[in-house]
Amino acid sequence: MTEGKFNGEMTYAAVVRAGTEPGTVKIPETDFAKIKRKREIRNFFKGQLYLLPSILLFAVFLFYPLFRTIYLSFFLTDSAGTPTVFVGLDNFRKIFTSPVFLQSLQSTVLFVLYTVPGTVFIALVLAVLANEKMKGIGFFRTIFSSTMGVSVAAGSVFWMFLFHPTIGWLNQLLKMFGLDPVGWLTDPKWALLSVSVTTIWMNLGFTFLVLLGGLQSIDDYLYESAEIDGAGYFYKIRRITIPLLSPTLFFVITVSLINAFQTFGQIDMLTRGGPQNETNLIVYMIYQEAFMSYQYGSGSALAIILFVIVLLLTVLQFKLVEKRVHYQ
């Protein structure tokens, strides 16, 4: 710098100091601002190049399908999915006045109420038990998290045999106690509950593992201090474990809520939306409209409705529930 050369990486203060020394060249503020602006622009485009692969993937697999779905929801289409007649909001009007959709909405809400609290509560109990320091606890941790390695198809086939009306183990157990067999998947009173139990079992491994990780991040000295003060087991759970585990609980509840609205595989394999549309959740109704009836317009409208429902519930959860989350 003392020889009159300027390094673009030097700060403005360094330039001013250099310009006040004898035998140096003082660079005007306007020239320095131009150099700084060019460097910022160059760094910006360099960063965009690193982001370009991700942007392209999001554009192809997320943004384009989203905008295409919104576009198709305002049209009637042919069997190939090509828009034919613009109908505006007529697809949405027909959906909201359809008794099939209202029943599907009711079944979806019940399914969410069955599966989300059930999964989180059972996983929390198992995680608390598996977090205890005792010999052989690693075996039980492996068993509790084993459902993560079971695919939806394999898990559905397993539960299909359990629910079988004649050779199923559940009905065989009922016969041992002198009770009548139950049509777990064919009786409208039991079908949704049976699919919910299957879903809880499938989601248990992931939820258990996340909650166990959250429990192991809590410092042991907090429990030791509470024991010195004479705190009991359940008092420590209520006053230490639950508050410090609240960020993890908030995460698993949010993820479980979103996944519940997207449940499809076990519905398709176990009941196909029956009996009497009792397990015809909104996501399965979308599949029936778009890929079985080839009504891509109404199927797209259903997808938009489901997207809005999940989005609103997620936003409400962040607004209302996150206030009670205790971050360390």
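Placement of Cβ uses the backbone N, Cα and C atoms for every residue, glycine included.
Listed features, source TrEMBL:
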- 105-317: domain 'ABC transmembrane type-1' (DOMAIN)
- 49-67: transmembrane segment (TRANSMEM)
- 109-130: transmembrane segment (TRANSMEM)
- 142-170: transmembrane segment (TRANSMEM)
- 190-212: transmembrane segment (TRANSMEM)
- 242-261: transmembrane segment (TRANSMEM)
- 301-321: transmembrane segment (TRANSMEM)
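Contact check: the transmembrane segment (109-130) against the transmembrane segment (190-212) gives at least three Cβ pairs closer than 8 Å, residues 6 or more apart, which meets the contact criterion. Tertiary neighbourhood of the transmembrane segment (301-321): same-chain residues 69-70, 73, 91-92, 95, 101, 250, 253-254, 257-258, 261, 282-283, 285-286, 289, selected by CB-CB distance under 8 Å and a gap of 6+ residues from either end.
Within the chain carrying the transmembrane segment (190-212), a Cβ under 8 angstroms from the stretch's Cβ atoms is held by residues 107, 110-111, 114-115, 118-120, 122-124, 126-127, 130-131, 141, 144-150, 152, 155-156, 159, 163, 182-184, 245, 248-249, 251-252, 256, 259-260, 263, 266-267, 270-271, 274-275, 278-279, all 6 or more beyond its ends.
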